[in-house]
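Features reported for this protein in Swiss-Prot:
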- 152, 153, 293, 294, 295, 296, 297, 298, 384, 396, 397, 398, 399, 495: ATP binding site (BINDING)
- 198, 302, 495: D-alanine binding site (BINDING)
């Protein structure tokens, strides 16, 4: 059982100072460096006249300096808010407005201003890291204090900041280190998801808590299949963490198999549905490896259920279950009145336990709608539809609302609609998902009533709309296809009939 995340990680700087903690394309950093960098930053933050316990935005990509900054912020007694370099400027601006952070630490150059918020620039940060200090980490984040805050999609175009406390994270990491997963000692783990995506917590903190090494794959590599396929066999990893969608890309490379990556023993998936096809293909490529399907919203700290996908499981299930609840967590399946439903009946998944967030940062209205207390434990309305069988095995069946998962990213269709409505060439629009036969979202399609325009073709109009949207929203939220209509169907009460459009896109 972990008492404190920071103390656990810092201990490795004493017991194995020269062990590599971070490797990005052959450039390595040690546990001693991690402690020295994070101590130096914490010492510097302590000298600044910053509001106590207010969070700090950390802007950057997949680098060692990002990890060191996270730990330095936490050592100073504050939560960090990770924002990836590939975020649109507007997202950085909105998060800064919502979070009201004590400061912004720019590990990479900021692409836009952040008003009056104090900023530590990349050059200043480098100088801080280079300053030796003798730091006493005596006021690190602990207990119910926020450890990190990750912003997810919001229905009005305003993202929601999910507050994850130190104890939330400990509950999660303790589970990851348990026999449920059987992770190797000092794991060599793939670190591929961006740090602003809570799936990254699945590789970062269990690995650091076990004194292992993170092997980072930057976005520049993962976006270029040639570079990616060349890099994969060079990684001496034994633990793989990614979305199923990223695995689907890697499986396009025939040489991605146990023969060329003989050290790989564990595959962990989260963020979206793991299809039977993906799991079966992976099992053929890596017959002796252990494959785990996990499930959980960001609001419950990464994941709360797991199941090992064995040959027997593949033979038994056409649509893979999401698994069993972790030992300290209770999951109920309820109807629209909040009453528990019989085993095997579909209902909303209610998640209660010590890894459930206290709510959304500076958003009491949304917090009150989604979070409550259940028998003395914090609980969360997941909005996910599922079933539970008599043995406590859970299956995922979809969303209560119009929220989808695509390529591991959670997207609220209403937020996409919000941005579409702001686009200058659009009169009316709605975004809907396209599912494949494995019930996985493969595409987001925008049904659009355009304003009168002079574009020579639909293609030219689409190009102009997409270009505008790139400055307003995350790339993964932009619809892949645009279908132009003279009008959209309406419900009897005058709202756009989204369900009928979804049926049109997904004929049975």
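A Cβ is built for glycine as well, from the same backbone N, Cα and C atoms used for every other residue.
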When the Cα of residue 302 (D-alanine binding site) is compared with the Cα of each of the binding-site residues 293, 295, 384, 397, which one is closest?
295
Starting from the Cβ of residue 293 (ATP binding site), draw a 10 Å sphere and report how many other Cβ atoms land inside it.
24
Need this for a regression test: binding-site residues 293, 297, 384, filtered to those with Cα within 10 Å of residue 198 (D-alanine binding site). What's left?
297
CB neighbours of residue 198 (D-alanine binding site) within 10 A?
26
Around the Cβ of residue 152 (ATP binding site), the count of other Cβ atoms that are within 10 Å:
21
What does DSSP say about residue 399 (ATP binding site): helix, strand or coil?
strand
Comparing the binding-site residues 397, 399, which residue's C-beta has the most other C-beta atoms within 10 angstroms in this structure?
399
Neighbour count, 10 Å Cβ-Cβ cut-off, for residue 295 (ATP binding site): what number do you get?
30
For the binding-site residues listed here (297, 302, 384), tell me which residue's CB has the most neighbouring CB atoms inside 10 Å.
302
